[in-house]
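Asker: Here it is: the structure, laid out below.
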Amino acid sequence: MAGGKVKKEKGKPQQHTPYQGGISFHKSKGQHILKNPLLVDAIVQKSGIKPTDVILEIGPGTGNLTKKLLEAGKKVIAVEIDPRMVLELQRRFQGTPYSNRLTVIQGDVLRTELPYFDICVANIPYQISSPLTFKLLSHQPAFRCAIIMFQREFAMRLVAQPGDKLYCRLTVNTQLHARIFHLLKVGKNNFRPPPKVDSSVVRIEPRKPRIEVNNKEWDGFLRICFNRKNKTLGAIFRQKNVISLLEKNYKTVQALKLSQEGAVKDTGSQMDLSSFGDFDEDQGMDMDGGLDDDDGMEVEDGEAEGSQSEFKDKVLGVLKEGDFEEKRSSKLTLQEFLYLLSLFNKAGIHFS
């Protein structure tokens, strides 16, 4: 099921759209059921399902897509939060050849430990788009691909390229972990009840092997870069509170190094500084994904002064070394972001 929240009019009871079997759909919960059989067929066809695949379906609703998935794959695991839809699914497939190949899990997919699956197909409530995307991308073992229906603007952020208007922190965060392709534009009249906006279907393919980064370091770095994505990086990294934050991190790392040297002298042991390095696969992932470029740290106008000037020169020296001073985050590629972060870390400058 897909859709967005709809405001309830004052003085009027909340309207529900009845299903032919008697079930009412709650638009406020994002319950928008695919009703166009040609669209359902197109989604299944573009999913590239193999007869041996275990398929995870999120938000199966009344089972229109579920039936086609059962015909194409080996097994379907459907996660559905609405107990009424769970009963409808069970009734629909009970006594059919598909019944022993369908497992229904009742619960919130964001709070559910997902089992093994080869491919995910999902028509989801729009309000869980970002957390669900990153939950899937952190799933192990990695699946082959996910075919997901998103609100169109969100989908276009995922597939945006450097220089596009919708290119943002969410774009870079998701493309770090996956290759993403736009498959279909879906008009709102293909749903019952129709949502207020159009949708798009995208294909998400986790990168194999993964690009390993320290996720806290990466997130802190991107938050600064995209705070004002159309400013030059030189202007962003001259700001007083950016310099102050980075200098504080720098001093912390230097203090840890001194502590490490002392520990080596005393005990011959060595302190683990991996949380400050470039690579750490166990760090938590930013779940909001960076949909808004201006959230997070507020950047004040004005350059660093006084005692900060020496450290500011160090920061700007990194930008000059990589020829990034006049470049803008809105036009940097993923590879350029990774390279710039590595230059900062090499100079002992960290973002977490």
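For all residues, glycine too, the Cβ spot is worked out from N, Cα and C.
Grabbed the feature section from TrEMBL, which reads as follows:
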type     : residues                                   : note
COMPBIAS : 1-10                                       : compositional bias 'Basic residues'
REGION   : 1-22                                       : region 'Disordered'
BINDING  : His32, Leu34, Gly59, Glu80, Asp108, Asn123 : S-adenosyl-L-methionine binding site
DOMAIN   : 39-208                                     : domain 'Ribosomal RNA adenine methylase transferase N-terminal'
REGION   : 269-308                                    : region 'Disordered'
COMPBIAS : 278-304                                    : compositional bias 'Acidic residues'
Asker: I need the most crowded of these binding-site residues: Glu80, Asp108. Count other C-beta atoms within 10 angstroms of each C-beta and give me the top one.
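Answerer: When each Cβ's neighbours within 10 Å are tallied, Glu80 leads.
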Asker: So if I measure Cβ to Cβ from Leu34 (S-adenosyl-L-methionine binding site) and keep only same-chain residues at least 6 apart in sequence, which ones fall under 8 Å?
Answerer: Val40, Gly61, Asn64, Leu65, Asn123, Asn190, Phe191
Asker: Mean pLDDT for the domain 'Ribosomal RNA adenine methylase transferase N-terminal' (39-208), as a whole number?
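Answerer: That stretch averages a pLDDT of 95.
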